[in-house]
Each structure stands twice: as C-alpha cells, then as structure tokens.
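As structure tokens, the structure follows; a few thoughts come after it.
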Amino acid sequence: MKSLILAEKPSVARDIADALQINQKRNGYFENNQYIVTWALGHLVTNATPEQYDKNLKEWRLEDLPIIPKYMKTVVIGKTSKQFKTVKALILDNKVKDIIIATDAGREGELVARLILDKVGNKKPIRRLWISSVTKKAIQQGFKNLKDGRQYNDLYYAALARSEADWIVGINATRALTTKYDAQLSLGRVQTPTIQLVNTRQQEINQFKPQQYFTLSLTVKGFDFQLESNQRYTNKETLEQMVNNLKNVDGKIKSVATKHKKSYPQSLYNLTDLQQDMYRRYKIGPKETLNTLQSLYERHKVVTYPRTDSNYLTTDMVDTMKERIQVTMATTYKDQARPLMSKTFSSKMSIFNNQKVSDHHAIIPTEVRPVMSDLSNRELKLYDMIVERFLEALMPPHEYDAITVTLEVAGHTFVLKENVTTVLGFKSIRQGESITEMQQPFSEGDEVKISKTNIREHETTPPEYFNEGSLLKAMENPQNFIQLKDKKYAQTLKQTGGIGTVATRADIIDKLFNMNAIESRDGKIKVTSKGKQILELAPEELTSPLLTAQWEEKLLLIERGKYQAKTFINEMKDFTKDVVNGIKNSDRKYKHDNLTTTECPTCGKFMIKVKTKNGQMLVCQDPSCKTKKNVQRKTNARCPNCKKKLTLFGKGKEAVYRCVCGHSETQAHMDQRMKSKSSGKVSRKEMKKYMNKNEGLDNNPFKDALKNLNL
C-alpha cells in the first residue's frame, strides 16, 4: 500500500519526488515503493457557471436574478481535465491507502486539494504537509511532521465559504448591473471598494486648496537655527517685523544637549511590503513582483513562501540563521554578512514572535545557495532586497547622538538639531552608510553673531496619487485613507488586514486596469469615467472597505472554528438579494464615454472602443453579443528605420503598419519585406529533415558538418 501525495504544481511535485527519492516517472505522476506523487495545475475543479445549473441562464436577463443555487455545484476545468482524470484514477486506486495534501500551505491551497478530493468522492484518510519552503531539507523535515488532515477542516470551510460567497455576490451583482444598464460592468466585494479608495484619494486631491505659509531661520557660523515653535506663519509681515527686531542683536547659546539614541531595522518582508518596495525602487508592478518571487521560490528555491502577511519568524527557526547567512555570502553583501557568522542568535530577538505568525513566516532566504548567473535581472534585484532586509534584521541597532543647540535672540528661541552616528549597526548593510562627525562649534553661554536671517516661503501640498505600490498598502490599511463613522470600524479593518489578502491584491489591481475602471498616467492611478459610474451605480454598502473587512473577519472566525460557514453563506445570499433588488429598482443612468458610431456587424448596436494591453479594439456594447474586432495592436514586426515595434491598423489587404518615427507600410509591402528577409535561409526543421533523409549515407561532408550543430 502506498501514500498518494497531491502537489499544487508539477514543479513542486518534482521537488518532492527528488527529496523523497521517488524516481519512477509515469504519465502524470512519480512513483516508488512507498509513495506516488501527482499534481494539480492550480485549480482542476471550479464552481459551475450559471448555465451549468440551467442552460436558460446562458443569456443574461435581469428578470432571472438573483441566481442562488440551493446547493453549489463544481465542475472539472476543461483544459486540465486530462490531469484530473489521472489524479482521480490514483485517488481511487486500491493500492493507495491515504492522501497527503501537499498543495500550498494556506487557504487557497487547501481549497485546490479539497475540491479535487470532494469531486472524486474520496473516502480515504488525509494527512497534510505544511511547509514554508520547497528545499529538499524543508520537504524532508515536513514529511517527518505530517499533520492529520482533519486539523485543517476549518481552513477548508473558510476557503469554500469565501469561494461560494464571491460567486454568489459577484455573479449576481455583475449580471444585474450589466443587464440593467446594457454595459459591461463588474462588481465584487474586493474590487469595488478598491475603486472607491482610488476615487476618495482623487477627490481629496481635486478639492485640495494650497495654502501659503512662511518660516524663519537664522544662520550662525554656517549652521541654520529654526524658530523653536516650528509655527507656520500665514502672514509674512509678522516675520518681517521679527527680523527687524533681530537686527544688530547678538544671540546667546542657552544650551547644548546631547542625547544618545538608537534606531532599529525595519521588519522582515511580507509580500505587500516587498511589492511596495519593488515598485518604489524599480517601478516593477505588484503582479510582476509576485511572479518573480514565485520563480525564486519554486524554480530556484532560494526564498521562502511568497504569499505571507507576516513580518516575523517562529522561534524554532533560530538554529537555521547561520545556514541562511552562509548562502548570502554568494551575493554582493558577503562582506557585510561575514561578521554575522560569529554572532549568537536568540529567540528573544524581536524578529522571532510565534504569536505574529499564522500560516507562514516572513519572506527570507532559504538554505539553498543561489547560482547568481542563473537569475534574471529582475530576480537578482528582488533577491538582493530580501537578503538586504534579512541581514539588517539580524544586525544590532544603529546608534547616534541627537544634538540640540538652543539659541536665544531678543526673546525668541531658535534651535539647531543634528544627528551624529556613533555605531553604524544595521545601516552598515547598505552601501554608502558611514560614521558621521559633527564639529559643531557651540558651547553653552557663547555669545554669537547672526550672519543671516532667512524667511522662506512654502506652500502646502496635496496628498499624492496612489501608485501600484502605495495602493497595495492602502488596501492593507484602508482605515488610514477613509473617513469612518466609528473608531471600532477602524479596528476591524486593522485586525482583518484590510481589503483582500496578500495573495489576491495584485490580481485585483490588475483586473481593475483591464476592465478600465482605473488607469495609470505617469505612475499616478486615477479612476476612469467608467470607474466613477460603477461607484455611482453600485449599492453603497458594496463600495465600502468596511463591509469586505467584516466579511473577512467572519472568514477568519470560520478558519478558527468559531463561526459556521453555512451561516456566513446564508448571510451572503440575503445580502445578494438586497443588492439585486436595489439595482433593479434604481432610476440611475449609465453613459458610455467610449461609444463609437461604428455599428456591430452582428447585432447592429453601436460598438465601444476599449484599450487593451497591446492596443485598441471595438467591442459590442451588448454583453450577450460578444462581437469584437481589432482597431490597432502592437506587433512584433520591427520598423526598418528605427527598429521599434510597429503598430497594426485595420486588417486584411487594407491593413497598415505604422511606427512612432513616422514610417508606415501596407500589408502587401510588409509581406514582401518579410519574404525577402527570409529568402535564402534554411529553417531548423528543414535541416533536421535533410539529416534524417541522409542518415544512411557515408562520405557526405555537408551532413558531417551539420552533425556538430545543436538542432
């Protein structure tokens, strides 16, 4: 009898097979005399669509809403059905005694496995592999500590409740809005409050009125002393009068105070912090950061589990620190890391806190030494940031003397504040940091002359537009960006981690860009006309971050066994009925801001011009029609003059390729250019065909020369 291990992806299945020496490769799985390892391809099973309950629901009609099934159905995803059949056969195989779930250790990973097991009708015992890295050592250690699968039932119930609630609310709200206003509109419990966050910030900026104010400082021996009150004066004349009173008046140093202070390194990275920093430093978006991080985790195995919301480590990891530091010696931080090899680490250090780690600890390097030449430029940047933050967290604090010099002149007090570094501590990790010295020339009681008075004009600045990094942070802490009626609501938002989860926020932002609800101009995220109308047409409660936070709070309670999933789903059904009725009874109107005069060739309605990732297309305004045609799209064809990518306008014989430099050419000319470019060249396929044809011939010098090529 064997144990069947179910991984989430083929790459993880290979890692497990390698760690446990499961060497026999089969079609869709690995096997030895103790284990069988197979895999999902992400989700193999998903919620059924409305038309899979009732074929009449394929057409979107307002009168059919709300769609609330008595029992939720699941279906096998068509494009991965072959692998599902393999997994199903293995689960039901008589030689399999139990199932070991080895999908991602979290809510969604649990759902991936359990939906498959439920669809198959599994009755066999379940055990759970729960690890935060896929190194050989972590896998082997994890298999020594397998958990009873029943310990994770509540996690599964929470995942299932989240999935079903999103289906019930999302399907009905989107269909209701779309059919009511004859437009492609989408609502969701996470995406709609996110649009509201962006809109609120945009309104604050639009309504902001700058105010002018003035400050006063004095220059003494080359040092600037600021007026102690730090008051902003809106009346410049007040300061000018003060300056007149200071003319030809000497000052006196009232005190020189030195206070020794310490500053501590930032917390270790969780996913949101890392995504925010990658955007701030390199303008790399959250989705790209997560994909790169996933590659470092799965392919290279040099970082721990990416989708974590924790900034801390567990105390049982103390003994692994030296090994992790050792691998960082392969990076540009080797000189800074070397002293840490002789340091003793304690579980009392602030980075170790079991209470602040739920599913997964902070993102840190694994014990696998990276092959730096194998990493892409983006992977190198990301890995360096993780190493930098990790090493900083293990270093002693930065120490400095905070010096405050107080100056009195004509009854007014001015201060000079300077910091002098005494111990670099964690700041030694970053390049360019060094010990500083201040040769301040002041002593208590000194009489000093004022060499210059400075009245400076300032203007208050509006809040900044969100960018992809700061929007992530706002989703995590929406209570800092919106007005709430009650302080307890702010606490709810803080405790539940805000809108969405670390694993879903990047996808939500990406989706909002794709549906043209928000847009980014010069890195500034703004709500589009469509996004504003979605907020106006959506039920008010669905635009509030508080509602989704309250739902997330209940999901967490389900996860902890303190709330019934069935109760939560019933609440979502009642909420959905109210939402649909509200939309049905609304007298509001929707106005397409991108409607063209081009008629749809299928149904005759006017088409809408929409932006896509690679250009523009025309889409029928009727969602049930689904007719689309390209207006323009970027191609991989290059301009013969400047070598930039050409944009294609139109199609067929009428198509024209244009470049930003002004070059243009017809489809016929492009075809001719490509033909002449490729003429005389022999393809790899043709060379292989020639080799095979002449396999039995001797004394063929051309064939012998081709043998040395990697074909």
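Just so it is clear, glycine is given a Cβ too, placed from its N, Cα and C backbone atoms.
Database features (Swiss-Prot):
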BINDING   Glu8, Asp104  Mg(2+) binding site
SITE      Trp60  site 'Interaction with DNA'
DOMAIN    152-580  domain 'Topo IA-type catalytic'
SITE      Trp167  site 'Interaction with DNA'
SITE      Arg175  site 'Interaction with DNA'
REGION    186-191  region 'Interaction with DNA'
ACT_SITE  Tyr305  active site, O-(5'-phospho-DNA)-tyrosine intermediate
SITE      Arg307  site 'Interaction with DNA'
REGION    691-711  region 'Disordered'
(Q) Let's see if you can do this one: DSSP helix, strand and coil counts over the region 'Interaction with DNA' (186-191), in that order. (A) 1 helix, 0 strand, 5 coil
**Q.** Spatially closest candidate among Trp60, Trp167, Tyr305, the listed recorded positions, to Asp104 (Mg(2+) binding site) (Cα to Cα)
**A.** Tyr305
Q. Say you check the Cα of Glu8 (Mg(2+) binding site) against those of the recorded sites Trp60, Trp167, Arg175; which is nearest?
A. Trp167
Q.
Quick check for you: of the recorded positions Trp167, Arg175, Tyr305, Arg307, which have their Cα within 10 Å of the Cα of Trp60 (site 'Interaction with DNA')?
A. Arg175
Q) Rounded to an integer, what is the Cα-Cα distance in Å between Arg307 (site 'Interaction with DNA') and Arg175 (site 'Interaction with DNA')? A) 31
Q.
Using a Cβ cut-off under 8 Å and a sequence separation of 6 or more, which residues in the same chain sit near Trp167 (site 'Interaction with DNA')?
A. Asn47, Met72
Q: Check the binding-site residues Glu8, Asp104 for other C-beta atoms within 10 angstroms of each C-beta and report the one with the most.
A: Asp104
Q. Roughly how many Å separate the Cα of Arg175 (site 'Interaction with DNA') from that of Tyr305 (active site, O-(5'-phospho-DNA)-tyrosine intermediate), to the nearest whole number?
A. 37
Q: Can you check which residues sit near Tyr305 (active site, O-(5'-phospho-DNA)-tyrosine intermediate), meaning Cβ under 8 Å from its Cβ, same chain, 6 or more apart in sequence, and list them in order?
A: Asp104, Ala105, Ile131, Ser132, Ser133, Tyr297, His360, Ile363
Q | C-beta crowding around Trp60 (site 'Interaction with DNA'), within 10 angstroms | A | 16
**Q.** Segment-level pLDDT (mean, integer) for the region 'Interaction with DNA' (186-191)
**A.** 88
